[in-house]
Amino acid sequence: MPSNKSVSDAPIVQFTNCRILRDHQLQREDLWVREGKILNPEKLFFDEKGSADVQLDCKDSIIAPGFIDVQINGGFGVDFSLATDDFKSGIDLVSQKILSHGVTSFCPTLVTSPPSVYHQVLPQISVRNGGTHGAGILGAHLEGPFISKEKKGAHPEHCLRTFEAGAFQDLLATYGSLDCVQIVTLAPEMRRSSEVIRELTKRGICVSLGHSVANLSQAEEAVQHGATFITHLFNAMLPFHHRDPGIVGLLTSDKIPAGRRVFYGMISDGIHTNPAALRIAHRAHPKGLVLVTDAIAGMGLAPGRHTLGQQVVEIDGLNTYIAGTKTLSGSVATMDTCVRHFQEATGCSVETALEAASLHPAQLLGIEHKKGTLNYDSDADFLMLNDSLYVQATYIAGEEVWRQDVSGM
């Protein structure tokens, strides 16, 4: 009779006494992992006649897919929009530190910068798997510089650009390369934005609408050309108006192409979005909500002055402002904090809160066949959490990469 060794010599780990988030529900069953993938136990038992080499008691923890942060500008003193000699060690530091927040993959985000910064920084960002060294990198998110002057937020006005005659060529010249780019945020009301959206989409790059004064029909047209995301809903866009709801109107638009879903990022830190606005968005379009931190270099550091690209920002508690102003500039919230705040503010289920930080960003990026779920054959990137949604341990490819130190508690 064949044993499990007939298929692979790799050890099989069985996580027992847990509740697994699968098919939108917490299910009381075991999780089986081999070679970094989630196994189907039926196939293991009946086809391979196999069994576990190691059993781990999860002590009634919740097991959920690892969080995916598609908008993070830096943290722990590292600013992804600054071209430094040790940029690679900076990105390594952030990817290591966010494991404790439950983030297993992320998109390092650059705010509006001069072309020289993109040309220096982007070649230093490479798509890579996560592991003990840190969270995986899915590709860069370029937020700007093709955005609206009126809604620039914390982006430096002197670096903003428009599309000239060559539109897509302008964009290529500005960024230097699109090799490792996963998301581009632009303002859809800009002239020639439609051809740029089409070209980016053709290359498999996600186009997000943000920092914009677009009306609803301009936003709908952008979606018809391929845009699928909204950058930090409500922030840096026209406020909702009943006669023209602007980009916010995409949440209930009847002009979205069949089979297409529009996703929208929300900074659920209790500062950027009032809980009532969070509830309105969630109730209007629950399946599109993607939690993002929009974290800046000051995340994880003491209050005071830090940078965001070309600007100096001031951290005061959970508020971050462009120094000397009351303009909000990114957040210092961690992803696990955003998940807990979202659940508390909306009263949604634990499952819904966890999926907004895992399944939905994976669907947005078209990687839900391997990330964002605990389906069989998915990557074994997952978290152990307690009932209050505090992360107890983080696993990447089935390997423990971070665990809460309880010795001092």
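Using the three backbone atoms N, Cα and C, a Cβ is placed for every residue, glycine included.
TrEMBL labels come from automatic prediction, so no person has curated them.
From a predicted model like this one, the values you see are computed outputs, not experimental measurements.
Annotated features, as they stand in TrEMBL:
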- 62-401: domain 'Amidohydrolase-related' (DOMAIN)
- Glu143, His211, His232: Zn(2+) binding site (BINDING)
- Ala154, Asn235, Ala236, Arg243, His272, Leu328, Ser329, Gly330: substrate binding site (BINDING)
- Asp294: active site, proton donor/acceptor (ACT_SITE)
Cβ neighbours within the same chain of Asn235 (substrate binding site) - under 8 Å, at least six residues apart: Gly153, Ile267, His272, Thr273, Leu328
Subset of recorded positions (Glu143, His211, His232, Asp294) lying within 10 A of Ser329 (substrate binding site), CA to CA, in sequence order: Asp294
Whole-number mean of pLDDT values that fall within the domain 'Amidohydrolase-related' (62-401): 96
Pairwise Cα distance for Ala154 (substrate binding site)/His232 (Zn(2+) binding site) [Å, integer]: 13
Cα-Cα distance maximum in Å, computed over every pair in Ala154, Asn235, Ala236, Arg243, His272, Leu328, Ser329, Gly330 that the record assigns to substrate: 30
Cβ contacts of Gly330 (substrate binding site) (under 8 Å, same chain, 6 or more positions away): Asn73, Ala154, Asp294, Ala295, Ile296, Leu308, Val313, Thr320
Fewest other C-beta atoms within 10 angstroms, as judged across His211, His232, Arg243, His272, which are the binding-site residues: Arg243
Intrachain C-beta neighbours of Ala236 (substrate binding site), sequence separation six or more, cut-off 8 angstroms: Ile147, Lys151, Lys152, Gly153, Gly210, His211, Ser212
